[in-house]
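*Asks:* Okay, so TrEMBL annotates it like this:
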- 65, 78, 80, 82: Ca(2+) 1 binding site (BINDING)
- 187: heme b binding site (BINDING)
- 188, 207, 209, 214: Ca(2+) 2 binding site (BINDING)
- 42-304: domain 'Plant heme peroxidase family profile' (DOMAIN)
- 1-17: signal peptide (SIGNAL)
- 60: site 'Transition state stabilizer' (SITE)
């Protein structure tokens with residue numbers, strides 16, 4: 001996640017086929033009955049039953065909306081939906097370029113249901129992630145009030161920023177460098193649509209498995225880069241070379257994987273899918289409660305379904321790569337030689353196609 005550029009105007013992968021959505025949990029707390037309907041409408045009308053572009057767009061706006069917060073100065077109100085409520089202000093910030101895509105779905109959706117924009121973002125993200133293979137089950141707190149002020153510009157880090165600047169901004173919002181790495185697990189489903197403006201690279205993925213919430217992105221960012229993606233205009237501001245044809249890499253991701261303050265946390269996520277998912281869940285819960293009093297919210301986490309299991313229990317070296325390409329960053333633990341390697345020559349990773357929403361004409365994006 002981190003920015004319009006830093007998250008690269010993230011677009012998530014779209015599964016080739018739409019799997020049947022399993023039965024969803026029923027509310028045990030009567031106060032959550034209303035939210036069961038909200039969940040089902042999210043699944044059917046916004047996500048179309050798949051872990052695709054709209055799910056990652058939700059993860060992205062959840063970060064951009066909540067991180068406009070400070071423990072030490074007057075900024076935004078945290079996870080309060082200001083990105084929607086004050087869209088005429090916040091969507092003009094360079095780091096939020098492209099967020100209008102999901103805002104154009106969420107605003108009429110939330111208005112129709114009569115829920116706050118902050119709840120639409122955070123509860124909707126938890127619902128969406130329940131559709132993604134390998135994802136953790138996220139908390140579903142509701143009851144946020146709508147934002148009363150816009151967050152200021154420059155609260156979302158960008159991929160061209162130096163790491164000390166990024167870490168300082170995150171610390172101001174209450175997050176350590178390690179927690180930032182945990183939030184960046186969202187890049188496992190991400191692709192770019194803003195760092196490189198070339199039409200051929202719209203949707204170039206950040207790893208070789210953009211349809212899954214897995215640890216592959218952490219491994220592949222550790223690999224020695226060889227070139228910029230074909231058909232692009234690289235190098236661009238915030239872009240780095242990548243190790244696989246068709247794969248896109250953010251400059252900040254490369255630095256996180258090799259900096260002494262974050263490299264060991266990065267490597268841990270590369271080697272442990274379970275830990276990566278658990279780490280993301282903890283960091284996301286903290287993000288979703290920024291500026292909120294948890295005791296005043298209603299916990300409807302019981303409504304969030306269990307995500308499908310990860311397709312791969314451990315990261316692997318894609319065809320055309322191997323252990324010799326690892327650029328070791330963590331000084332306290334060598335990267336193991338036990339991971340499997342896919343045989344054969346590297347083949348281009350196709351771009352992720354945009355998700356359409358033919359069954360929800362009410363929520364078409366604005367022109």
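Every residue gets a Cβ built from N, Cα and C, even glycine.
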*Asks:* Taking the binding-site residues one at a time (65, 80, 207, 214), which has its Cβ surrounded by the most other Cβ atoms within 10 Å?
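*Replies:* Of the binding-site residues 65, 80, 207, 214, the highest Cβ count within 10 Å belongs to 65.
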*Asks:* Applying the rule Cβ within 8 Å of the centroid of the Cβ atoms of 65, 78, 80, 82, what extra residues of the same chain belong around the Ca(2+) 1 site?
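*Replies:* Not counting the recorded site residues, we get 66, 68, 69, 76, 77, 79, 81, 83, 118, 147, 151, 290, 291.
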*Asks:* If you compare CA-to-CA distances from residue 207 (Ca(2+) 2 binding site) to each of the recorded positions 60, 65, 187, which comes out shortest?
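*Replies:* Comparing Cα positions, the candidate nearest residue 207 (Ca(2+) 2 binding site) turns out to be 187.
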*Asks:* What subset of the binding-site residues 78, 80, 82, 188, 209, 214 lies within 10 angstroms of residue 60 (site 'Transition state stabilizer'), using C-alpha positions?
*Replies:* none
*Asks:* Near the Ca(2+) 2 site, what residues other than 188, 207, 209, 214 in the same chain have a C-beta no further than 8 Å from the centroid of the listed C-beta atoms?
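*Replies:* For the Ca(2+) 2 site, the extra neighbours are 189, 206, 208, 210, 212, 213, 215, 216, 217.
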*Asks:* How many Å separate the Cα atoms of residue 209 (Ca(2+) 2 binding site) and residue 78 (Ca(2+) 1 binding site)?
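*Replies:* Each residue's Cα considered, residue 209 (Ca(2+) 2 binding site) and residue 78 (Ca(2+) 1 binding site) end up 31 Å apart.
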*Asks:* Of all the binding-site residues here, 82, 188, 209, which one's CB has the most other CB atoms within 10 A?
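*Replies:* Within the set of binding-site residues, the most crowded position is 188.
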*Asks:* Between the Cα atoms of residue 214 (Ca(2+) 2 binding site) and the residue listed as 'heme b binding site', what distance do you get, rounded to the nearest Å?
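*Replies:* Just about 9 Å between their Cα atoms.
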